[in-house]
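Asker: What follows is a structure written as structure tokens; I'll ask about it next.
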Amino acid sequence: MESALTARDRVGVQDFVLLENHTSEAAFIENLRKRFKENLIYTYIGSVLVSVNPYKDLEIYTKNHMERYRGINFYEVSPHIYAVSDNSYRSMRTERRDQCILISGESGAGKTEASKKILQYYAVTCPASDQVETVKDRLLQSNPVLEAFGNAKTLRNDNSSRFGKYMDIQFDFKGAPVGGHILNYLLEKSRVVHQNHGERNFHIFYQLIEGGEEDLLRRLGLERNPQQYQYLVKGNCPKVSSINDRSDWKVVRKALSVIGFSEDEVEELLNIIASVLHLGNIQYGGEDSGNAYITTDTQIKYLARLLGVDGLVLKEALTHKKIIAKGEELKSPLNLEQASSARDALSKAVYGRTFTWLVNKINVSLAYKDETYKNASVIGLLDIYGFEVFQHNSFEQFCINYCNEKLQQLFIELTLKSEQDEYEAEGITWEPVQYFNNKIICDLVEEKFKGIISILDEECLRPGDASDITFLEKLENTVGGHAHLTTHKLTDGKTRKVMGREEFRLLHYAGEVNYNVNGVLSCTHSLCVVHPQVMCMSDNKILTQCFDRAELKDSRRPETAATQFKTSLAKLMEILMSKEPSYVRCIKPNDAKQAGRFDEVLIRHQVKYLGLMENLRVRRAGFAYRRHYETFLQRYKSLCPETWPSWQGKLADGVSTLVKHLGYKPEEYKLGRSKIFIRFPKTLFATEDALETRKHSLGERESHVSHAVVVQAWWKGILACRRARRRREAANTIRRFIKGFIYRHNERCPENEYFLDYVRYSFLMKLRRNLPKTVLDKSWPTPPTALIEASERLRKLYMQNMVWGYCKRINPEWKHQLEQKMVASEIFKNKKDNYPQSVPKLFVGTRLNGEEINPKVLQSLGSEKMKYAVPVTKYDRKGYKARPRQLLLTSNSAVIVEEAKLKQRIDYAALKGISVSSLSDGVFVLHVPTEDKKQKGDVVLQSDHIIETLTKVAICADKVNSININQGSITFTMGQGREGIIDFTSGSELLVAKAKNGHLSVTAPRLNSR
């Protein structure tokens, strides 16, 4: 850093502490402007890094740049995000104290990019091993996943983080990253259901629609057009030129795989994302009584399948609310407005909790699993929203600015403490610094019983008609006399002109902000009108983790969103206080995202809200410049004859001799125990200018020059020899490879042996990294020509070993399950449309328990052992009326039961065959002999578990080869020589009814393309 001090006229100073006029905001901004025009986007305020977003790629993040900053003293090189990263890393390693890097700034200022650069720096420069490489990959790949689900396009930023993120990176005793943990704060759930004009919903929705495969979209019931979905059209911005949703989709899918998501988890996750879009398309109608009803039953069917819930229960939950009165649970219908709010509340709850599950899943993947070293060192990264002031500021801005008040309080306290500790360690008298203590504002917001959040909680939870206006009135009555709060009613006439009647004003550390109370109670209230029982009963494993059944038993009112945020923020403060902090303050140079444009008004606004001038004033309250004696003496020793060319005594005496020779006045500096402190920047600049002049005069001393030339020539000769040797070795290696490649098809000889050995070694190493993980995985790396035979033998041995191990682990129950699945595959694979959906679902022993079967039926069966029972629907031979029945499979026959009666018994020996369609319906026909007078004709049945039911029948009756899968229609005997016909057609939903031509018509949706 010192090496660039003389270039200050052109590029400004690299540390704002060295600004001569440090109290001038104009001088501060002018220094930023000078550096920004020269593409110098980083500047220090002491140890704080100020970063200006260049809105273009700069060649300052290469591996060479990383090596330049690796292990170098913080002030020896120019300001950079890598310098902060390396300084924190070295402090963690040498001092054995946990570190944290706090990144803050407006949306679009480059916070997310800064955190990425820090992660990339650690991934490249830290020690590595196979396990560490896996952790590095997962740490890096967590970014695109969190960005997809937590970032969105806003007016200010095309990739704006809509949540706060704190990430711990864990390091082992060698300094290698071995794990991580992420905490998320205040996800902007309102964006799921509403976006301002020119903004978009979260990236994942558009990525799925644009990049998802046709089969995937068909299964999810989605179309490749975001304009079809109400939750995606409100911002009127489906496509953005700077975003490639199709490419990002591939990145996210790959990242999910790297992090460790299974295919089933990815499928269930995408089911939830699709269900949110379907929820947004639910439309309501109004009855004469004012009650709402759902007009889009198709969406309910999709939701029931995607969420794994009962469609009727979901439909009722979206049109009714639960009320508990005198211990009795009642259901009350919702009007149109309430029903729409219930739908949106469910969408936000599902997405918000799924996002939390996603973060927890990533944490499991990043967890430090080695118990040998439990006390891993930690570097934390806090990427959090900066202070926000808009034309209309809501509850969300209130939470964000409250968070920034707490961080500013922490920042000032730790900065002052750091300064005071350094002064005391060096034995220099500490002079108290006057600064604005914003504890008074933090207390106003968070104080128990009379803080703004406590008042908000009271209004949310009290009985009666609480509203946004009653909250404002209570605010006026409780804290109306506070110096940092006012309202339209309490303020003077001049201020009333710029304040609405529904607003209150807080005087923050960064300035005044007006907050609108409209909607604040609904935003804060965390209760959801949709019954939580619906989600708790879901078959989707992710949702069952998100909506815990314990919630149903907990009679306590849940905490409000404001209290939850206050609690999580307090925990964050505890985490940060336990660590050594570093700071990165990000600034956005313009609102148009243009490279090279410097908007002074916008930047002045951010400098104010980031508290940078306050930070500089605290840092400059004492001495502007301090360096260790050794560093200072080494740089400036040539300016004093007594210290040049080398000083033999104590370092402190050498520095004292040097500054006396330079004519420093007593008030300009102080000598500590190991450092010199210089009060004024002009003193340092004068010394630097003297050094530049001295460099020229040194060149006139021939004796020194001749000695220097001899040393330089000797050293350059050594370096040249080393370079020549490395080049010669490199050339030989390249030559051997080229010759080996030319002779690669020949028999082994001196010309190709090196190349062939390397090829074999590379293949074996690649094979080791890419061995199949399961017996179903048939992938195998392609071997070189010389290893084809060996590769095939290795593959067979490896597969035999895997199969042997798999078979050894199979228990009898699982073996029986697999045997049934094999039969099902033999019968239905590539023949029945809904077969693929049945594959992951286990077959059960019975679908009816003992209580559901009438005791008289069991008595009638006598000693016959019942092997399987399932509820079915029987269609009459006359009129095809649907009748609920039970199908029981015994050792000898299939029995159809109506309540306590055995309606029909079909011996397996008499069963001629079974017919079923190729579509996704559950209708099938049991064919019986026409000459059998006991039988009334073939039986037409319908089962919700068609694959399982027919597999069980085929096994029990030994009729595996007697199941006919038909396309178009099935002909069956109705008795007395008459025949009936069932017609099957594809449609959007399942429908079974008698057609006008007298046939039974079955319409079924197509689930899979064949």
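Cβ from N, Cα, C; glycine included.
In TrEMBL, annotation is done automatically, which means it is predicted and not curated.
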Asker: Quick check on the annotations: TrEMBL lists region 'Actin-binding' for one of 339-361, 569-591, 891-913. Which range is it?
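Answerer: Residues 569-591 are the ones TrEMBL records as region 'Actin-binding'.
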Asker: Using the CB centroid of G105, E106, S107, G108, A109, G110, K111, T112 as the ATP site centre, which other residues of the same chain sit with their CB within 8 A?
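Answerer: Apart from the listed residues, the neighbours are N53, N157, S160, G386, C586, K588.
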Asker: Which of the listed binding-site residues (G105, G108) has the least company, meaning the fewest other Cβ atoms within 10 Å of its Cβ?
Answerer: G108
Asker: Hey, of the binding-site residues listed (S107, K111, T112), which one tops the CB count within 10 A?
Answerer: K111
Asker: If you skip the near sequence neighbours and keep only those at least six away, which residues in the chain come within under 8 angstroms of E106 (ATP binding site), Cβ to Cβ?
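Answerer: Once residues fewer than 6 apart are set aside, E106 (ATP binding site) is near R156, G386, F387, E388, C586, I587, K588, Q606, Y609.
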Asker: Could you put numbers on the helix, strand and coil content of the region 'Actin-binding' (569-591), residue by residue per DSSP?
Answerer: 9 helix, 8 strand, 6 coil
